[in-house]
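A short worksheet on the structure shown next.
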Amino acid sequence: MSPRSFTQVQFITRRHLSSHQGKPSLFRVPRRPTVMSNSDFAETERLFLESSQALNRLNQHLTRSLTRISTRSYSTNLPGMPELRSRHVWSLGIMFGCMGACGIVFGAWSWARNNFTVPGVSAQNQTPQKRMGMLNWLMTNFTSKTEDVRKHRWWTMLTAAFSHIEPGHLIGNLIAFNTFTHYLLHTGITPVHYAGAIVSTAMVGNLAWLLQQARKEKVDGQPARALGLSGAVMGLGAAASFAAPRAWVSLFGIVPMPLWALMGVYIAWDTYMVKSPTSGIGHAAHLGGAVAGAVYYGLVLRGRLPLQGF
């Protein structure tokens, strides 16, 4: 509607309202409004017609624009929705499989440490000797240590990631693992790329810890073992920060902040504590996993995520 038309509508409205400015009450019948003349009615009808035509033109323009945007965004760049759903389902299966593996290994640790008795299993299979044998097997194959390099037990760089002894350690890692995984899954990541991210970040995280531990053992001669999913968790978080830069999370479930800012806080803390002689946390594994996740995004995921940047 043009400024002139809008002014005319205002003028006509004021003129009609001025014809019955008396205030109605319970004891006085309000005056009847003045009947519009033929010329006034024609002018009002013309103004409404102009407004309707302008709205129709605007609606047609928006429809054409949205059609072009929809065609460009979904018909050419994005795969079909059935394929995205299939990716999501398979990747969820990988996530739950990893979480289930962590739970099974945690149960084995708990049983080996004589924390509970398995019902339905004979007592002769739950003797202290059996439990000790399981404990030694877990320490050999599900913890990361420098002797694994000398004895060529390379698989421990991966299996140690699914190993947890303390319940709090397990629960915290699984919550973060689930959170960062869902951000990656919503970018349309393929199951192969998702599994590759888990394996690579877990192994690089353990490798970083082994390098630091080897230097420490040369100084103090004290061996140590590492275990836990934290390296992979940091790697997935770093990759998700690049893939979904507008994603928000809550620090400790209370303080909302962007995902990339949360990862910045974690990385800053691990960098500050990495050389602490009293910390029992594998800060080097965290940093190694984060670096691996960022590199994995740049080399593998960048440009291959159909829903990136949500």
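Even glycines carry a Cβ here, placed using N, Cα and C.
According to TrEMBL, the protein has these features:
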| type | residues | note |
| --- | --- | --- |
| DOMAIN | 152-301 | domain 'Peptidase S54 rhomboid' |
| TRANSMEM | 89-112 | transmembrane segment |
| TRANSMEM | 192-211 | transmembrane segment |
| TRANSMEM | 248-269 | transmembrane segment |
| TRANSMEM | 281-300 | transmembrane segment |
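Residue counts for the domain 'Peptidase S54 rhomboid' (152-301) under DSSP (helix as H, G, I; strand as E, B; rest coil) come to 104 helix, 9 strand, 37 coil. Using the rule of three or more Cβ pairs under 8 Å, pairs at least 6 apart in sequence, the transmembrane segment (281-300) is in contact with the transmembrane segment (192-211). When pLDDT values are averaged over the domain 'Peptidase S54 rhomboid' (152-301), the model yields 92.
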